[in-house]
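Engineer: Here Swiss-Prot flags 2-36 as domain 'SAP 1'. Swiss-Prot lists 64-84 with the feature region 'Disordered'. Among the features that Swiss-Prot reports, motif 'Nuclear localization signal' is placed at 69-72, with the record citing sequence analysis. What Swiss-Prot records for 91-125 is domain 'SAP 2'. According to Swiss-Prot, the feature domain 'WGR' maps to 179-276. Taken from Swiss-Prot, the feature domain 'PARP alpha-helical' applies to 301-419. The feature domain 'PARP catalytic' is assigned by Swiss-Prot to 427-653.
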Amino acid sequence: MSARLRVADVRAELQRRGLDVSGTKPALVRRLDAAICEAEKAVVAAAPTSVANGYDVAVDGKRNCGNNKRKRSGDGGEEGNGDTCTDVTKLEGMSYRELQGLAKARGVAANGGKKDVIQRLLSATAGPAAVADGGPLGAKEVIKGGDEEVEVKKEKMVTATKKGAAVLDQHIPDHIKVNYHVLQVGDEIYDATLNQTNVGDNNNKFYIIQVLESDAGGSFMVYNRWGRVGVRGQDKLHGPSPTRDQAIYEFEGKFHNKTNNHWSDRKNFKCYAKKYTWLEMDYGETEKEIEKGSITDQIKETKLETRIAQFISLICNISMMKQRMVEIGYNAEKLPLGKLRKATILKGYHVLKRISDVISKADRRHLEQLTGEFYTVIPHDFGFRKMREFIIDTPQKLKAKLEMVEALGEIEIATKLLEDDSSDQDDPLYARYKQLHCDFTPLEADSDEYSMIKSYLRNTHGKTHSGYTVDIVQIFKVSRHGETERFQKFASTRNRMLLWHGSRLSNWAGILSQGLRIAPPEAPVTGYMFGKGVYFADMFSKSANYCYASEACRSGVLLLCEVALGDMNELLNADYDANNLPKGKLRSKGVGQTAPNMVESKVADDGVVVPLGEPKQEPSKRGGLLYNEYIVYNVDQIRMRYVLHVNFNFKRR
């Protein structure tokens with residue numbers, strides 16, 4: 001209950017109750033929780049009970065407020081079914097400190113003035129329910145302050161339950177979860193997650209519909225939950241229905257009401273203004289426990305060499321992938337990474353392509369509409385900030401969202417890979433390793449190859465990238481199955497170079513298993529400075545920046561690839577159609593103002609040039625780039641040679 005409060009707040013509440021305020025935070029929390037429980041019992045004992053009418057069952061103790069029904073505006077109250085009754089005067093009567101405590105307990109920002117905090121609580125879907133009149137809305141904390149009581153809805157650990165193809169919504173009451181599952185009839189799974197973002201109306205909301213069937217058979221319910229993305233929202237359970245057909249009828253009616261699409265024709269789904277969009281889910285074996293035992297145990301028990309095992313456990317970590325995506329705004333709760341479909345990712349690309357077509361026209365209204373479409377297809381959690389702050393209206397914002405969708409594409413591949421249990425699960429790390437279709441050989445630190453790569457890394461760290469240094473954790477020699485054969489036709493091409501490629505940590509299971517790939521036709525060409533291709537650099541730090549490491553996650557992974565360059569089409573400025581190469585040219589080069597001194601390059605025995613010289617200025621090159629970029633439009637020109645695992649050390653400013 002109180003664990004989310006700061007120590008100072010816990011002590012303040014204890015002091016108000018005349019209780020001991022000494023001790024560590026765990027002791028203080030236990031003391032306050034015990035006092036809250038006693039107060040809670042007194043409130044519940046004195047409160048009237050609520051009765052469900054007809055087929056409407058109150059969920060988690062929520063009361064039907066009778067004639068006090070009113071429809072709330074905003075994301076949370078569109079049902080207008082009277083599940084909660086908002087008492088604004090009660091919020092206004094609270095002290096600022098009490099409002100802050102309530103906001104923190106509801107997961108709402110508690111900064112700003114008193115009016116700001118009240119407005120956030122009123123905007124929150126579940127916030128008003130915490131201060132409703134007329135008795136308990138479930139188990140509550142009661143924090144006494146002076147002559148007032150602040151009722152804070154008690155936080156409860158929620159878990160997802162999977163029985164059958166679909167996961168029961170995590171907020172369905174436990175006594176229902178134990179006895180019910182999501183209805184499946186043949187290939188039809190009666191489970192729908194809907195999303196709607198309207199930038200102009202500041203809406204970013206979800207709607208969940210599920211038909212529940214009792215495990216024993218013969219009893220059916222329809223469950224709804226709705227609210228602003230990022231909060232629990234409100235929920236309602238209809239039933240039990242007399243027949244399965246009646247429950248399906250209610251489900252399909254609600255789906256049509258919210259989307260203006262028929263459930264039976266959802267594969268041809270059309271989006272409508274002010275209506276929800278259906279998020280297509282993958283009902284394969286998702287959410288399964290991929291690992292048996294801890295990572296440490298797996299590393300000890302695997303037949304893999306320890307350094308390889310540690311690297312595989314790093315890049316094949318679903319929790320890491322989820323965290324990386326959450327950091328850049330993606331809502332992994334609403335559309336779990338394991339349920340991503342390729343079709344959803346292509347829809348995201350398609351909307352970004354349409355945004356790129358109008359981004360230079362300064363058509364604000366059109367950009368608002370398209371931005372809403374993008375956030376509807378690719379759910380984001382913006383909390384209660386104004387949606388207009390997140391309009392995709394500049395090339396930089398477009399590129400950031402393009403990189404997000406690319407990362408989701410890699411993760412979609414990775415999650416399917418990691419959920420494949422056809423391999424040897426007695427040694428899960430070895431199974432993951434085999435699924436990458438790559439052979440790894442660790443390089444020893446005293447080897448010539450290691451020394452050469454270390455020099456290449458150190459020498460080509462640009463002066464403009466001075467905010468961090470890196471330490472090499474491990475270097476692997478790598479061979480992707482089938483890549484050498486495809487590269488063979490370019491093996492004798494002159495001008496082959498060893499070049500850098502960096503990417504997010506979450507992308508590497510997908511990249512290594514599938515190879516480096518070119519963006520699909522659905523992606524906007526304007527997001528790529530020299531057209532759609534695979535980009536490389538001869539400066540380590542230029543590629544290292546694309547690892548997007550942080551203080552929270554300092555690990556980064558980069559590739560060194562042999563790239564067949566041949567005759568190059570040199571460009572000083574952006575050219576989105578650069579993939580249409582002039583005759584005789586094999587790839588493009590964006591020419592930078594600083595580049596490794598080619599006189600100091602090393603030539604390997606197989607003729608590959610390693611540009612590891614110290615950087616030098618190229619005064620004659622006055623284009624738009626600080627450093628060189630090499631772009632190939634045919635992946636057969638690429639052969640992976642080395643994988644580097646590094647740690648970033650960020651300098652304090």
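First residue shown is number 1, and so on along the chain.
For all residues, glycine too, the Cβ spot is worked out from N, Cα and C.
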Engineer: Count the residues of the domain 'WGR' (179-276) that DSSP assigns to helix (H, G, I), to strand (E, B) and to coil, and report the three numbers in that order.
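Structural biologist: Taking the domain 'WGR' (179-276) as a whole: 23 helix, 44 strand, 31 coil.
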Engineer: According to DSSP, how is the domain 'PARP alpha-helical' (301-419) divided among helix, strand and coil residues?
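Structural biologist: So the counts come to 83 helix, 2 strand, 34 coil.
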Engineer: Average the pLDDT scores across the domain 'SAP 1' (2-36) and report the rounded value.
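Structural biologist: Across the residues of the domain 'SAP 1' (2-36) the model's pLDDT averages 70 on the 0 to 100 scale.
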